[in-house]
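Reading through the structure tokens given below for one structure.
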């Protein structure tokens with residue numbers, strides 16, 4: 001089964017609409033309806049769904065429960081995965097308290113920081129742990145995912161430590177590219193990237209003396 | 001000048017490396033060096049830079065100051081832009097306190113919420129304001145960008161209100177697509193999308209019974 005990354009990126013939105021439909025008591029949903037809700041092309045939606053191996057019934061659509069279960073499984077979100085957060089600043093706290101990640105099979109298990117003033121303080125349900133306990137924690141709890149929310153200058157050192165402890169997947173929010181061995185997966189979320197796109201589009205739309213035109217491409 | 005969206009998305013990373021180079025006293029930087037720092041193809045880097053109209057000197061590279069100024073201008077980040085935040089929860093607080101946005105010419109000016117218990121409480125330097133004061137605030141301060149950090153169920157109502165007040169650019173962190181008139185620009189940042197990619201890549205790498213293969217495509 002080949003699932004392109006852009007399809008993977010659309011799956012969380014599909015899940016959102018499917019769960020809404022389920023709450024509203026709907027048993028079936030059409031690709032057209034999914035497409036309409038998400039401003040997508042129905043052909044794209046059909047292609048995305050067929051990549052999971054699910055087939056719809058002509059004129060009825062897709063079984064909502066089956067599609068939820070299948071997409072959740074493809075994403076690996078049907079097993080709760082523990083993750084730890086390194087960096088107990090504002091962003092780390094926001095992520096620790098977010099709550100919504102349980103929908104993605106992600107459970108924040110612990111929050112670490114190296115700042116002695118933060119250690120022992122509480123972030124929601126978590127007492128901040130000292131970073132030199134990470135290795136022990138990872139070994140004892142078998143955690144394999146970590147979220148990095150430290151400042152840019154500390155990101156690589158934290159990543160090196162996490163890799164040494166056996167972390168296999170890193171979600172990096174620090175504004176810095178990190179280098180890891182090829183056995184480790186890194187996904188970077190950069191707020192600046194998103195804001196850059198908004199800025200340029202806004203400039204294009206609102207300035208008279210605009211000299212920037214946005215070409216076609218991924219949005 | 002045509003600037004593709006993927007190029008716009010790379011500009012913040014270029015700025016980061018360029019500012020580091022400047023701090024280290026470098027006057028010139030080569031496309032090869034930028035490419036190496038960011039794990040990009042040097043040809044891509046040259047293409048991206050040439051889209052801004054800047055030309056390098058053979059064997060010397062690009063003037064660091066000129067390139068910083070030009071990319072900042074293209075992104076519209078050379079004018080400080082005020083933005084307001086609607087939703088004083090954890091994510092709204094994290095964004096309000098983030099501090100790093102000033103590098104993007106973005107200044108958080110005020111935080112609004114509809115929860116009476118939150119109004120008047122402080123988030124860093126901001127006292128949370130009641131949402132029914134938004135219109136007055138926007139009119140008096142000429143703000144044109146808003147960040148939505150409310151729960152999914154409230155996102156559309158908040159967007160409608162913002163559009164009515166004259167907001168022209170919306171950065172939407174709520175896990176919900178919002179509909180706005182074509183005169184308004186929306187950029188959505190969805191944490192689930194990013195985590196979906198990490199999950200699938202991690203599954204591919206660590207599970208023996210993997211039945212998901214990731215096709216080529218945008219990462």
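Glycine is treated like the rest: Cβ placed from N, Cα and C.
Note: TrEMBL annotation is automatic and uncurated.
Between the listed ranges B:13-52, B:53-92, TrEMBL ties the annotation DNA-binding region to B:13-52. Contacting chain A by the Cβ rule (under 8 Å between Cβ atoms), the binding-site residues B:87, B:88, B:90, B:91 reduce to B:90, B:91. Mean pLDDT of the predicted structure over the DNA-binding region (B:13-52): 93. Proximity of distant same-chain residues to the DNA-binding region (B:13-52), defined by a Cβ-Cβ separation under 8 Å and at least 6 residues beyond the stretch ends, is recorded for 1-4, 7, 60-65, 67-68, 70-72, 74, 103.
Residue counts for the domain 'CoA-binding' (B:76-177) under DSSP (helix as H, G, I; strand as E, B; rest coil) come to 38 helix, 28 strand, 36 coil.
Counting residues per DSSP class in helix, strand and coil order gives 28 helix, 2 strand, 10 coil for the DNA-binding region (B:13-52).
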